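Over in TrEMBL, the protein carries these features:
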TRANSMEM  12-30  transmembrane segment
DOMAIN    17-460  domain 'Major facilitator superfamily (MFS) profile'
TRANSMEM  65-86  transmembrane segment
TRANSMEM  98-118  transmembrane segment
TRANSMEM  124-145  transmembrane segment
TRANSMEM  157-176  transmembrane segment
TRANSMEM  188-209  transmembrane segment
TRANSMEM  274-297  transmembrane segment
TRANSMEM  309-331  transmembrane segment
TRANSMEM  343-361  transmembrane segment
TRANSMEM  367-386  transmembrane segment
TRANSMEM  407-430  transmembrane segment
TRANSMEM  436-456  transmembrane segment
Amino acid sequence: MEVRKTGLQYWRLYLLTLVLGIGGSFQYGIQVSLIASPAVHVQSFVNQTWVLRYGAPVDDSTNQLIWSFIVAVLSLGAWAGAVHSGSLPVTYGRKKALLFNNVVAIVAALLMLFSRMAKSFEMILLGRFLYGYNVGLGLSVHLMYLGESSPKKLRGFLTLTGSIFIGFGKVVGQIIGIKEMMGTEEMWPYLLAVSGIPAILQFVTLLFFPEAPRYLYIDKGDTEGSRKALQWLWQEDDLKQELDDMQKERDSTQGEKAKTVKDVLTSRCVRWQLLTLAIPCAGVQFCGINALYFYAFDIFRESGVPEDQMHYLSIGIGATEVITVTLCSFLIDRAGRKKLMGYGYLSMGITMSLLTVMLSIKDLNSWIPYVNIALIFCVICIYGLGPSGVSMALPADLFLQAWRPSAYVISGTINWLGMFLVGMLFGYIVDGLGQFCFLIFVAYSVCSAAFLIYFVPETKGKTMVEIMEDFNNLNYKNRGADIEKTGTSVETKL
């Protein structure tokens, strides 16, 4: 019994974490990174298809527009998936929602695989949209499922693995996209179809795991099913404390149905949770990390890095993010969410300010461009140690069961539309502002840091009900006499 208590008792829960990650946030990472590699080959294929249909090559501006839309449509699909993450997992359960999601990814992979044979670039567009849907739904349900299956002492660590799988997906996409592997004219349809493999793996393996215990207990009222799921996942017989915690949460909602997006946006009782979700967590796109990935190649070029070696340096950036996020997973339940994310944003703002200055004087000395490369790696390290990981773990702590699905819809909407805007507009911002574009991200990072450090309560080691009570001190500050159903109590208006 003592051996089991060392952590081995949770080996099934860790296995569930692996299964959810491979078919969940891993798909996001791989789709973000591998699309850059076959760009030339896909644009050539679009041109060949155009010649076959219309007897003349496509003009460069139209070809570039089609390619840009192929890249950007992932975000639109992900938004659609995020919107459905508020209804599908509530109606059909977390497990069935993910099984359906894997079917979507498999269909997308087949479209990619046969697009060249069918001589249709529209199949690539549709496949990319479906991949986006898979990513948007899968990322939200992955975190929901994992957070509702974990004990509170492991909840931060396990939900943070979502960021580890994103980073791992980015590195895998960068590696298999090199010309020595699948980044060739012959292999690009297979490269674009590769996400079908983790989808098949998750579909098959997830069948052997139970539904999320909290969903069974709180949403479905299946006490015995929840107990069996917990016993199977945790291999523990004494579940009284966890069941009591779920009972308190179920009592606090008093049989309420799942809240709508409108409820989350308009209810005073979750106002500060919504701000915490929207500003530092879902708004992580606006801290400049993706823009830094886009701009990195320009900095590498200015530093004299040969074109054919830049791809390998970008793999180093991806690997750095994976390593630092993994380190964050060991720190999050010790240092806490608030400190890691708050001071992480502050450090990112300071480092990007320094990067802006160094980019402005890059021609003064031959060693300055290499300092800029080092600063990029510093920003990636800070991002991995703080905002990247905590932005996955913190949302799972913020909302009670009835509010959580709609909160994830809002989070996904902000995240994916933010990614779409950054992807579409960043090039124009760089043309207009040059290296000073980073000052926009500096302002966002510093404001987010101040918000987290001064206002957001720590959630480490607390139950969902305790976290709600902490936030109620902010939601009802100086308004203790209002009638409002808070999820934990009912205030009385005099």
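Cβ atoms here come from the backbone N, Cα and C positions, even for glycine.
Bear in mind that TrEMBL entries carry predicted annotations, made automatically and left uncurated.
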Proximity of the transmembrane segment (367-386) to the transmembrane segment (274-297), 3+ C-beta pairs under 8 angstroms: yes
Intrachain residues whose Cβ lies under 8 Å of the transmembrane segment (188-209), provided they are six or more past its termini: 16, 19-20, 22-24, 26-27, 30-31, 34, 37-38, 41-42, 45, 95, 98-99, 102-103, 105-106, 108-110, 112-116, 124, 127, 131, 134, 176-177, 182, 233
Same-chain residue ranges lying at least 6 outside the transmembrane segment (65-86) that approach it to Cβ under 8 Å: 28, 31-32, 35, 39, 42-43, 46, 58, 97, 101, 121, 124-125, 128-141, 144, 258, 260-261, 405-406, 408-409, 411-413, 415-417, 419-420, 423-424
Confidence summary (mean pLDDT) of the domain 'Major facilitator superfamily (MFS) profile' (17-460): 86
